[in-house]
Every structure is written in C-alpha cells, then in structure tokens.
Amino acid sequence: MKIQQSEDEDNLSSKLQDDGVNQSADNLSDEGQLEKSTLHYSWFVRTFGPMKKGSLRQSVIALMCAAMGSGMLSFPSNPVQSGLINCIILMIICALLSRFSMYILMKCAFKYDQHSYAELVKFALGPSMQKFYSVDVICYTFGAIVCYQILFTQFVWQVLLQFKVDESYKDEVRYIGGSIFMIINFPVSMMRDLYSLRYFTHLQIIIIAYILVTIIIFFFINAPEKFDSDKIVYFDFNIQITSTFAATFFGFICHQLIFPIRSELKRSTFKRMSKIFNRAIFSEAIIYLTLMIFGYLSFFETTEKIIIDNYDTLAFTIAKALFAFIMFFAVPINLNPSRLTVLQLIGKEKSWKAYVISTVILQYTTGVIAMIYPNVKAIFGLLGGIFGMIMVIVLPCTLYITLELKEGKKWSDSDILITLLIGVFSGIAGFTGAIVSQIYS
C-alpha cells in the first residue's frame, strides 16, 4: 500500500509538474521566450508554413505589400541623376526615417491607448489637425491612383509594341486605353466589400520577386559584354538629389496600415510591433537596393524612368502584362479608403448618393489627370516629398513633441531636439524635392 501510495504521489507530483510546465509555456512573454505553440514546430515550419491571421509573419508581409509597388520600378533610374553611392545613402536614410516615425507613432499609441492614426492626431493636436490629416490621406491616395492608371496604360503599350504596333499610335493608346480602363474599372471601384481583392497585393509581391530575379539574371548574362565600370556615376551633387530623396521616400510609406496591423496582431505589444517594423523595413531596403544596383548597372545612363521599359524580352513582356493586371485592381483597392475618408470628412458615410458621386469624381478625375500628365516619376516625387512626408514625418514628429511637452518635458531635452531636427530637415528636403521633381522629371 505504501509503495502504491508512493507511486500515486509520484505520479501526481509528476502530473502537477507537467501541468506547471504547460501552464508556464502558456504564459510565456516576449522577453526572450517562446510561445507554447512554437515549441512543437521546427524553424522551417514556423518560417515557411501557412500564415495565420494576426501572426508576425502575416503582419510583416501585409506591411511590405502596402509599401512595395510601382514606385520601386523607378529606383534604378535615380543614380543617373544623383550618383550610385548617393542613392544608396539616401535609400538607407529613407529606411531609417520610416522606421523612426513608426517608432514614435506606436510609442504614443500604446502610451495613450489610441487605436487609429486619426484618433491619435485628434488626441494630440485637436479636431482641426485631424481634418488636415484626412485631407492629406485623400491627396496621397488620389496621387497613387493616378500613378496606377498611368502605369497601366504604359505597360499595355509596352506589351502592344511586342506585337509590332506602330509607335506613332502611342498617344492614341494612352487616351483610348485610359478611357476604356475607367469604364471597365468603375464597376469594380463601386464595390463596398473589396475583401476578395486582398490576394492581389500578395500577387504583386510575387511579380516583384519575379522581376527582381529576372533583372539579376539579365545582368549576369550580359555583364561580360556590356558592363563598363567607367560609365558608373558614383556621386553627383546637384539640386535633383532632393527629388531623388522624395521619390525614394515614397517607397517606404506604409504607415496608414500600422494601426490596422496592431489591431489584428495576436498579443499586440510594443515589442512585437517593433519586430514587424524592423523586419519589414529591412526586407524592403534589401529588395530596393538590389533592384536599384543591378538595374542601373545594366544600362547606366540609358536607364529608363521605369526600369522594365529597358527590356523587350519575352520574360519582361510577361512581367509587364502581369503588372498591368495588378495595376487594374490596385485602383479600386486604393480608391476605397480614399472614398471612405471623403465620406467621413463630409459626414455622409451612410449616403448612397454621396458614395456614388465620390466614386465617380475619384475614378474619372484621376483617369483624366493620368491621360494628360503621364509623368509618373514626377508624381512619385510629389507623393513622397509632400503628402507622404506630412503623413510619415511631419505629423508624427509634431504630435510626439506636443505630447511630450504636455508631459512636462522641455524643448532642451535631447529627444525633443532630435525629433524636431529630423522633422524640420526632412520636411524641407522633401518639399524641395517635390518641387524639383516637377521641374526636372
């Protein structure tokens, strides 16, 4: 009996210890520990297995999808006007600025329990600045929609050239193609629920990866014959370096998505959000730098404003057709939040009439602008230098300084001064670059 009792006690003790271990695993925090669920999976499964909603990996991909797009295709042409080393330095600066603004936005959001960018702006700066933020978002998405329509007709034209269409029809294709695009795209833009279109953003990443790999392969195939180190421009200090900064900065703007990601993230903490930001920004910077360097070194001073315009092979014709397909659905995906912001701004969220009118105005105004002003790189500079700069640097720095001063800090405090200097110098450089891009692009 004693032996049996002893065995029962040992079993009970062992069970309690196992329960304690399991309970501890359930309660593990982010402080250098692993969740219970990850203890049973290998690194390969955690890294390449199915993505779950609210996971770190899914959040990183979502943030990258918001930032990476058509703007990156213009990066290889930047060294032509500013020099390769200058552009690499600017790329790193833009990545750091984007990460810095994410840091201060999330720091304020967690500290003051604010769950959207608009709420945070209203809390820190008042209702008037919240309306200013809304107008800025509308202008930014408006410009992005114009870019997508320009690129759609441009890629369609490049594909048509492979079928021996006469180059004299370029303007006709732009106007007729743009008009057909607006008519066909309008019913899609009228949809209230665009959840089914979310997969196109992931397809965009796949196409970008395809283009990147193809550009690298093209470089190594042709490098022995065409590469000439004497053609490389390493440094070129001129006023256009500001427009290069503005256009580069456009590629790191994804801040409108960080609050929705925070709300969906499982066990949302400041540290977990920081992991997402670090991984997304680092991955974007590596992809952008690789594309810029290999694209530029393939063509040097003849690099086109959109890099895939330099290629006429079948592989890139397929890439252009796929990108045109993505641009078609990128318009309604981006038009929807812009329309929602407009309706909220005028207090007509539930009005069907206002919904239709705002859709018509956004769809056809952007389409007309795309047809009469098809300078996509100038628009990239405008978006990155003014509207994106306000959203990513000016407003975050302003609200952070305002909230810190309310907490009792002084202007002489180091973090206040650093934030102020970053906001002022970045804002001046961005605004200048936006103006310069309209003159020289």
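Cβ atoms here come from the backbone N, Cα and C positions, even for glycine.
Annotation source TrEMBL lists compositional bias 'Acidic residues' at 1-11.
Feature annotation from TrEMBL assigns domain 'Amino acid transporter transmembrane' to 53-435.
Sequence annotations record features per position, and here TrEMBL assigns region 'Disordered' to 1-31.
Look at TrEMBL and you will find 60-77 (among others) tagged as transmembrane segment.
What TrEMBL lists as transmembrane segment is 83-105 (among others). Within the chain carrying the transmembrane segment (83-105), a Cβ under 8 angstroms from the stretch's Cβ atoms is held by residues 75, 117, 120, 232-237, 241, 244-245, 248-249, 251-255, 258, 274, 277-278, 281-282, 284-285, 288-289, 292-293, 296, 392-393, 396-397, 400, 419, 422, 426, all 6 or more beyond its ends.
The transmembrane segment annotation in TrEMBL covers 137-161 (among others). For the transmembrane segment (137-161), the list of distant contacts is 70-71, 167, 170, 173-174, 177-178, 181-182, 253, 256, 306, 308-309, 312, 317, 320-321, 323-324, 327-328, 330-331, 334-335, 337-338, 341-342, 345, 362, 365-367, 369-371, 373-376, 379-380, 382-383, 387-388, 391: same-chain residues at least six beyond its ends, Cβ to Cβ under 8 Å.
Taken from TrEMBL, the feature transmembrane segment covers 173-191 (among others).
Sequence annotations record features per position, and here TrEMBL assigns transmembrane segment to 203-221 (among others). If you look at the transmembrane segment (203-221), the same-chain residues 6 or more away from its ends with a CB under 8 A from one of its CBs are 61, 64-65, 68-69, 72-73, 287, 290-291, 294-295, 297-298, 307-308, 311, 313, 315-316, 319, 322-323, 326, 330.
If you look up TrEMBL, you'll see 241-259 (among others) marked as transmembrane segment.
The transmembrane segment annotation in TrEMBL covers 280-299 (among others).
Per TrEMBL, the feature transmembrane segment maps to 314-333 (among others). Within its own chain, the transmembrane segment (314-333) is flanked in space by residues 69-70, 145, 148-149, 151-152, 155-156, 158-159, 162, 181, 185, 188-189, 191, 194, 197, 200-201, 203-204, 207, 210-211, 214, 308, 363, 366, which lie at least six positions past its ends and keep a Cβ under 8 Å from the stretch.
The list of residues near the transmembrane segment (354-373) in space but at least 6 beyond its ends in sequence, with Cβ under 8 angstroms from a Cβ of it, reads 142, 145-147, 149-150, 153, 174-175, 178-179, 181-182, 185-186, 189-190, 331, 335, 338-339, 342-343, 346, 348, 379. Feature annotation from TrEMBL assigns transmembrane segment to 354-373 (among others).
Marked as transmembrane segment by TrEMBL: 379-403 (among others).
The feature transmembrane segment is assigned by TrEMBL to 415-440 (among others).
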